[in-house]
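Peer 1: Copied straight from TrEMBL:
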type    : residues                     : note
BINDING : 78, 79, 80, 81, 82, 227, 239 : ATP binding site
DOMAIN  : 66-228                       : domain 'AAA+ ATPase'
DOMAIN  : 321-405                      : domain 'Cdc6 C-terminal'
Ligand SMILES: Nc1ncnc2c1ncn2[C@@H]1O[C@H](COP(=O)(O)OP(=O)(O)OP(=O)(O)O)[C@@H](O)[C@H]1O
Ligand SMILES: [Mg+2]
């Protein structure tokens, strides 16, 4: 048996393992470009008004009173998550100065989408076992018991709790909103107060809420507009120190900002492009990040994002998307009816020996794709008594969608 005191070769040599790189000539601090990185307040661009409104809603917490609940809407990359987290952290500091304890729980409802998993997660993140003398177990409790623990946690560990429900539209069950908002009134909790911030990129989310919750959950609402290219440029400038001096060529940031502003001003995309460009430059051993790297990075960023949305979809959904992509490439128009897509789909399905679904089922699938933000669907009335026709258009360029789709071997035979 080997023992620890047998010296190994590597211990004897001062030399570093050549599998790894020990200097990074491109990045000085790549973490500044991580999406989850929370920039310092002075690096936040163009959101003074929105930060003020979030602060107004949370303000009562400074006195230990109940904050207003808040819904934050806006397209992807408009700073919803960032602003909600940062203002909540500022509140925490200010409340602390006033002798009031504020704790917050950040829940990604894309991951925790059932009532039980949300309550459990909130209780786990706020619980201090030394004070409550219990833990919140991963499994084994009924939903009602998780609530019981949560109420105890709240009264024992904090004065005010802010519960941030990110991607709230992914919740399977919105009952948790009602219970949290009624906890105090229903005497579930005694001294603690709760404020909920719900975040979504679906502005019509309230329409999809259950009637019971919609009517009982009163809240302020806030919409975040997309950034313009100048603001995106400034956001990137404020993270220039992610790179070593002189690495970014003059055009790099303005170009990344302009490309990210093309669809709608999306800061997530701008930052992803800049980080990917740095990685590309590093991989090809260049000392600077050029315009060319930025363009390649834009393509990679779009492919990655789409792959995340599409890769896990069933084959039938991919074939349907393929049909829409082909229609888009081969025609002048950009919008197609469900019927047109269905015809193209049956031809594609036949070409790869796949049994075609019914037209009705494909219409349902098109709605699901819409949900995934890959296509945009609108409904148009055909006139009185004629029902509605769905029209659909791709949100990304067909080349990129095709590139991602054809990574699936089962679709590969389609490209001659
Ligand atoms: N105003 C801003 N100033 C500086 N950085 C910003 C700003 N807005 C967004 N960012 C950065 O852009 C990235 C995306 O922002 P954020 O995650 O807040 O977007 P989001 O609106 O929550 O998007 P999604 O709907 O896709 O979750 C983050 O890295 C964030 O730090
Ligand atoms: Mg977000």
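Each Cβ is built from the backbone N, Cα and C atoms, and glycine gets one as well.
Unlike curated records, TrEMBL annotations are generated automatically.
Please situate the listed features within the shown structure.
Peer 2: With a cut-off of 8 Å between CB atoms and residues at least 6 apart in sequence, the same chain places 32, 33, 39, 43, 271, 274 near residue 239 (ATP binding site), listed in sequence order.
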Peer 1: Just name the winner among 78, 81 (the binding-site residues) by count of other CB atoms within 10 A of its CB.
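Peer 2: Top count of Cβ atoms within 10 Å goes to 78.
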Peer 1: For the binding-site residues 79, 80, 81, 227, which residues place their CB under 6 A from an atom of ligand 1?
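Peer 2: Checked binding-site residues vs ligand 1; flagged 79, 80, 81.
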Peer 1: Could you measure the widest C-alpha to C-alpha distance across 78, 79, 80, 81, 82, 227, 239, the residues recorded as binding ATP, and give it to a whole number of angstrom?
Peer 2: 19
Peer 1: On the three-state reduction of DSSP, what should I expect for residue 239 (ATP binding site)?
Peer 2: coil
Peer 1: For the domain 'Cdc6 C-terminal' (321-405), provide the mean pLDDT of the predicted model.
Peer 2: 86
